[in-house]
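Worksheet: the structure to be examined is printed underneath.
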Amino acid sequence: MRNLWISALAAFGIDQLSKVLIVHLMDLQTVGVIEVLPPYLVFIMGWNDGINFGLLSGAGARWLLISVAVVVSIFLVRWARAFTRPVAFVCAGFVVGGALANALDRVIYGAVADFLNMSCCGIHNPYAFNLADVFIFLGAVGLILFAEEGKDKAAKTP
């Protein structure tokens, strides 16, 4: 469980630090776009008050989405107690840290600060995301690959 808390805190902290640096200190809110390594990496300011691709956007969904992030985080922490592989704890922590970082944005700003845009190989990506989204994605994929519960493992052994 220690790995879960460490990775959750790391994901949360890295995401929030990146938002302070890029959105506020580099003043992306005013500048709008910063071409870092065009077209591969561009900082472009966007505020997402919904979920992926603007789904569930609107003022009424704000507290619903915050509640969902908290409930999913609690569920993941409870589920993780059955994990047998250390990497699964890290993956669960990534999801929890990313979800709570985006939830904090919703509490403070009313929306999630998205600023990363990556395109490659002639394919233009019109969407922006943030590091919390990256942690959530990596954690979810990792849980699919590595989440192994002790009870299931014991049940398979004759």
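Every residue, even glycine, has its Cβ placed from backbone N, Cα and C.
Here's what TrEMBL has on this protein:
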- 21-41: transmembrane segment (TRANSMEM)
- 61-80: transmembrane segment (TRANSMEM)
- 87-108: transmembrane segment (TRANSMEM)
- D114: active site (ACT_SITE)
- 128-147: transmembrane segment (TRANSMEM)
- D133: active site (ACT_SITE)
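Around the Cβ of D133 (active site), the number of neighbouring Cβ atoms within 10 Å comes to 21. Of all Cβ atoms in the protein chains displayed, 21 besides its own lie within 10 Å of the Cβ of D114 (active site). Across the structure, D114 (active site) and D133 (active site) are spaced 9 Å apart at their Cα atoms.
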